[in-house]
């Protein structure tokens, strides 16, 4: 890195700092976002202090970093949606891709997810949904949301709406009851069906039926719709029997039956900071040997360009990356990069990642398989478009 004259250095340091502040990013977040090596935040701090000067390539990377949200609402969109437990907006993105749906309300509590959401959609989600009166939520055609898997009270034998109080699913149910959206899409882990000996899933379905919605469910893997990931989730779609005439016409999308390949999401050149250390690699190998000896199936998993798909990307991936490690020739394996994690969930290349690598892994691990959402959204819109009510 070269030392520069005071005037030029001052101009560049001011430009970098002003850009970073406009983006509402820390030095660490900006360094990770533009693909700098380990300790990139220290480098940016030196640039901002005028101690050293970035190369033309580095300046260009910072200047090119987008400041305008790429997925703002389309003004011509016909249908309105709300996005609950929104995360970074993966479900909203799937509906946005239909070009027929715009968001009028969203809710999320994680400050880092909110930052990513705002950078991409241009609007900031409201906070804690439990503190928002359902009457204050705008009218909408479609409600979407993912919610944590929680056991319900078993006070009543019916297992319906009243039994859901005190859970985050209740927040969804009370909004559906008050606002009567034409349709909804809920996403959850596949274990929802067996959680609490099946009572949780039964209570959810009973509650939605009680609210007079026609309900459809399906299990899909991310690779069913073109992603090289084995992530399996349950999808619950509902239509208001009172306002949709053809609610029984809905059919879940058909899986593509296409072979996937991990190489399709991998970058050709990856910074060494993603290669795991000797200490971590030794630990992974030791634990795998111990687990095998004790009859446990847990441990790291290696993948390469030709692997058909990876394990499920989880929110804990930032810790050690053991569930998805990429083989490297004559080197320790590496973790996937945040951009590769985004691709593994089907996020487009222009999706902005304005947070640190650690937060990015959490966010994509907590998000949804966007192509699956898009496929279901198109099928839902077919029904809404043909409804005669």
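Cβ coordinates come from backbone N, Cα and C, glycine included.
Per Swiss-Prot, the features are:
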type: ACT_SITE; residues: 149; note: active site
type: DOMAIN; residues: 16-71; note: domain 'HTH cro/C1-type'
type: DOMAIN; residues: 79-387; note: domain 'SAM-dependent MTase C5-type'
DSSP helix/strand/coil residue counts for the domain 'HTH cro/C1-type' (16-71):
32 helix, 1 strand, 23 coil
Taking the domain 'HTH cro/C1-type' (16-71) alone, what is its mean pLDDT?
91
